[in-house]
Structure formats: C-alpha cells, structure tokens
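*Asks:* Copying in the features that TrEMBL gives for the protein in this structure:
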type: DOMAIN; residues: 105-278; note: domain 'D-isomer specific 2-hydroxyacid dehydrogenase NAD-binding'
type: ACT_SITE; residues: ARG228; note: active site
type: ACT_SITE; residues: HIS276; note: active site, proton donor
Amino acid sequence: MNILFYHPTFNPESWVNGLAQRLPQAQVRVWQPGDDAPADYALVWQPPREMLANRSGLKGIFALGAGVDAILAQERQAPGTLPAGVPLLRLEDTGMAQQMREYVLAYVLRFFRRMDEYQLQQQQKQWQPLKPHRQERFTIGIMGAGVLGQQVAQALVALGFTVRCWSRSPKQIAGVESFHGRENLPAFLHETRLLVNLLPNTPETVGILDLALMKQLASQAYLINAARGAHLKEGDLLTALEQGQVAAAALDVFADEPLARMHPFWSHPRVTVTPHIAAVTLPSQAMDQIAANIRAIEQGGTPSGQVDRERGY
Ligand SMILES: NC(=O)c1ccc[n+]([C@@H]2O[C@H](COP(=O)([O-])OP(=O)(O)OC[C@H]3O[C@@H](n4cnc5c(N)ncnc54)[C@H](O)[C@@H]3O)[C@@H](O)[C@H]2O)c1
Ligand SMILES: O=C(O)[C@H](O)CO
C-alpha cells in the first residue's frame, strides 16, 4: 500500500512516521513535484494540481481538515484536479469539536457578560457597571448543526442558554430547537441575539452572512464566525456595526487570509480578530481516524467523512 502526503505547512516527517506506525504495511512518502509513481491513498491540503490530476489507482483522497471547500474550489477552477470517482474524505471531529466548544463558549460568555464593553470602558478608565443581559432573552442561534455545531449547541444548553440551530435537514439535539431549509431561515433568525456560524462553505452558503440577514436578528446582536470567511459580506458587517444592528463580532476566518494589515477589522473597537485558530487539525487524532478509514476501505467497508462533491461538503 502506497500513501502520498502533501501539506503546505505541516511537518511532513511526523505525519510520515505516525502513519507508518499506524499502518505498518504502508509505504508513506511526501509528494514532490514530478512524483507520478503509483499510490493508493493521498492525504492532502491545498494540493498542487499536478499531484492528483490524471493520477489513476487512488482508492481515497483524505483532506487534512474539516472543511473541503478549498479543494473542491480547486476542482471547479481546474477540472480534473481531483480524479473522478475517487472518494474524497474529510476529518470529522478528531479533537476539533472540543476546540470549537472552547472557542465559541469563550466568545459567547465574553458577549453575554458584556466583557467586550468592560474592556472598552477600561481603556477610558470608566468605572461603570452595565445592566446584565438576561439568559432568557439571549437566544443563541447556530448555523450549521453538523459534527461541530451539534457539540457546540449541547455545551451551550448545558450552560442554560436557549439554543436553536439551522441546517439542511431537521436535527434532533436535546434541548435545541431545530430549523431547516431556506424557507425557515427567517424564523430561525427572528429574536436570535447571538449568531454562531459553523456552516460549510458551499455555493449555497457563500455570502449568506449579509446585511439583510443581520437585520433579521434581534437588535444589538452578536456574531461569531468560525466557519469560513467566504460566508461573510465584510462590508455589510461594518454597516451593521455602524447602524447598531450588530453590537460586536468575533471573527476567526476571513475572505482573504492572512487578514491584510490595513483591513478595518484590525482596529474596529467591536470586532475581535483571531487567525483561523478556532479548531486546528490535531495530527495524532487525525491520523487515527485516517488510518481507521484506510483499514475500512481495504476491508471493503465504508469509511466515515465521505464528501458529497456535488453538495459541497
Ligand atoms: N475556524 C476553524 O478553525 C474551523 C475548524 C473546523 C471547521 N471549520 C468550518 O466548520 C465547518 C463545519 O464543520 P463540521 O465538521 O461541523 O461540518 P458538517 O458537514 O458536519 O456540518 C455542516 C452542517 O451545515 C449544514 N449545512 C450545510 N449546507 C447547508 C445549507 N445550504 N443550509 C443549511 N444548512 C447547511 C449541514 O446540515 C450540517 O448540519 C467546516 O466546513 C469548516 O468550514 C472551521
Ligand atoms: O476546516 C478546517 O479543518 C479548519 O478550518 C482548518 O482549515
């Protein structure tokens, strides 16, 4: 069994060694330009087109993350980047759910306890207690109730918040009101005071976080975007902040990353910027899942995390 590995920034040696330990029968190699030797599996993140195009014999392509929008965009822009008919698989959780729970809870509590405003007051040396938000009037809406969204929702319910979710199909999550489909998006947004975005970036969801959507939220709403920058109309958020429709936002992802030094988000008093770190790929847990999936495929079974290329996630 031959396994190819490519990631623009990860340390390849730890991956090659880790995979070889988990799959002793495999020969694992880092892909180099010009390498068109046979391979059964490819582990990739932002692969150069020549790596996979016209490559036959692959039994599976593993994305080294949860979101596969970038690799599917490569395929749309240069058809054939991904060999047709080869299963594309993504990471499901592998330690990212815990990280995402931490990230979202950190900012939910920051906004719910008005710590963002106390931070601004401190800069003015202003000693001024603020009226606390009331949990029963602080509904949290999660867009994208999948592997990450569901776990975030359950953690927020456990803290006593009123939580609702929006997804393509109905979800059964204890204590969480489920909305699904575009036709029910207005009902989901109505009276939502804090919106968390955990959608995949697909042709259906790109640009979904626009001013028209923000205006459907409760007044002085909060936004946490930990999904993809492509979801957010950045100028619309600045307008919504200026108009008071949105009180504050925590953004981990951006249309262009790294965020340009001159971007207004860096200095905006009610925007918090983090550098796409909400939930990172944890090599050990990722390799455990990938190795298990390879074993499943080798035994004629069904691997987890299979991507529907047409659906986009
Ligand atoms: N910022 C980070 O560090 C970070 C880390 C991991 C993942 N992510 C992002 O989070 C996203 C979600 O990850 P996941 O593992 O939970 O994905 P998932 O596929 O398990 O869940 C996706 C959810 O979105 C819903 N959805 C998809 N298309 C929809 C549509 N058109 N309308 C309504 N709902 C729709 C699905 O029903 C599902 O509930 C990833 O695609 C990735 O972009 C970001
Ligand atoms: O999708 C993911 O896994 C994270 O956003 C890292 O890119």
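Cβ atoms here come from the backbone N, Cα and C positions, even for glycine.
Small disclaimer: the values here were computed from a predicted structure and weren't measured.
Burial and contacts for the listed features, if you can.
*Replies:* Proximity of ARG228 (active site) to non-local residues of its own chain (separation of 6 or more, Cβ distance below 8 Å) is seen for GLY67, ASP69, LEU199, PRO200, ASN201, VAL253, given in sequence order.
Counted within 10 Å of its Cβ, the other Cβ atoms near HIS276 (active site, proton donor) come to 16, all protein chains included.
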*Asks:* Mean pLDDT across the domain 'D-isomer specific 2-hydroxyacid dehydrogenase NAD-binding' (105-278), rounded to an integer, is what?
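*Replies:* It averages 98.
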